[in-house]
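According to Swiss-Prot, the protein has these features:
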{"type": "DISULFID", "residues": "Cys13-Cys118", "note": "disulfide bond"}
{"type": "MOD_RES", "residues": "Thr114", "note": "phosphothreonine"}
{"type": "MOTIF", "residues": "84-100", "note": "motif 'Involved in PIP2 interaction'"}
Amino acid sequence: MSWQTYVDDHLMCDIEGHEGHRLTAAAIVGQDGSVWAQSATFPQFKPEEMNGIMTDFNEPGHLAPTGLHLGGTKYMVIQGEAGAVIRGKKGSGGITIKKTGQALVFGIYEEPVTPGQCNMVVERLGDYLLEQGL
């Protein structure tokens with residue numbers, strides 16, 4: 001299965017039990033910042049934004065004072081799981097990033113999708129990739 005298939009079929013799919021509700025954008029990005037696959041709507045990000053995200057995984061709390069930036073959009077960092085999941089909020093939407101052994105799984109959402117639904121979609125794929133040794 002290609003990485004693009006994971007994005008299309010497991011991240012950009014309808015939310016379970018909520019037909020027509022789906023993430024706004026999603027991607028799988030290598031920890032080196034290389035894009036493995038992304039939705040057409042995923043923002044173009046800067047290397048320093050990815051560096052900040054990786055630093056926060058290694059030093060939890062690093063992004064809290066400045067916020068998480070991706071594609072020029074600033075998200076307020078909210079409670080995640082140290083070293084495993086970063087969550088951010090902006091207005092009626094937000095972002096979830098799950099770290100796997102080799103990659104980062106990104107999900108970006110807007111209402112009517114809820115933070116919990118985004119977390120579920122992103123973390124489910126991230127956990128699967130971890131189980132596969134990825």
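Any Cβ shown, glycine's included, is placed from N, Cα and C.
Fewest other C-beta atoms within 10 angstroms, among the disulfide-bonded residues Cys13, Cys118, are seen around Cys13. Sorting each residue of the motif 'Involved in PIP2 interaction' (84-100) by its DSSP state yields 0 helix, 13 strand, 4 coil. DSSP classifies Cys13 (disulfide bond) as coil under the three-state reduction. In this structure, Cys118 (disulfide bond) is part of a helix by DSSP. The Cβ of Thr114 (phosphothreonine) has 14 neighbouring Cβ atoms from other residues within 10 Å, across all protein chains displayed.
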